[in-house]
Every structure is written in C-alpha cells, then in structure tokens.
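Now, the feature entries from TrEMBL:
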REGION    1-21  region 'Disordered'
DOMAIN    42-103  domain 'Complex 1 LYR protein'
C-alpha cells in the first residue's frame, strides 16, 4: 500500500563535503570580507604614505637642522618598526586599533610639533577602584587608562 522508501529520502538534505555548493549568503560573506580586507589594506597603505609625506615636510620645533634630522629618523624608524611588527595581523578589530593608534600619533605629533609619544603621568595608587586599593587592581586600571596613542610604545621600547 505504501510506496517503497528509497534511501535518498533519508539522506542529508544538502550534499556535504567538497561537493556542497556554497550558498549565496556564504558567497556574499566572503566577498564582504574581501572588500573589507581591501579597504583596510588601502587605509593602512594610505597611512604609511601619509607618514612618509609627513617626514619629508617635518621641521623640528627648535628649528635646528640636527634636531630635524633626528626627529625625521625617529619617525621613519618608529613607523617601519610598528608596520613590520603588525604586518601579519588578521583580526579586523586589532587592525582597526592599530589604525586608530597611528592616526592619533600623527595628529598629536602635528599638533604639538613633537614626534615622540606624550607620556602620561599618574601618581602611584592614584586610580582608586570601588573596592580596596590592591596592587593588581591598580595595574589593571593603569592598563585600561592608557591612551590609544601609547598602546604599542611600551611594547617596542
């Protein structure tokens, strides 16, 4: 009375493994990631070019040629070191943080006319948490309160 059941009705609904066709959403997702990677790459290369243009026009605040040469060399070495260190990053959030840090350091350098990162001065045990004043909590609060333009400075210094 019932039709004979074939095995094709009880198999997986979609082919699995390498035979499986990619869905439209998967194709769009990979395309979006590729476009994001291109945009991020272009933004990073644009920042690198911007730094080299900045070095060509850089003048030390003191006006002395020796200071200008030292500061130009510092800017170039710092840029090369940080870009080489971060060239293998793949996480988009980390890349965005590095881009933000680079932009902040460029803007601060142009504003104050010094290429070196501005230090932050916090008194010891000055950041009081809600509970207690333990050393570990102070270290954690100091790490959280560090400005974006100093994130990589301590790592390479």
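Just so you know, glycine gets a Cβ as well, placed from its N, Cα and C.
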Problem set entry | For the domain 'Complex 1 LYR protein' (42-103), residues assigned helix / strand / coil by DSSP | 49 helix, 0 strand, 13 coil
Exercise. Given the model, what does the mean pLDDT over the domain 'Complex 1 LYR protein' (42-103) come out as?
Worked result: 92
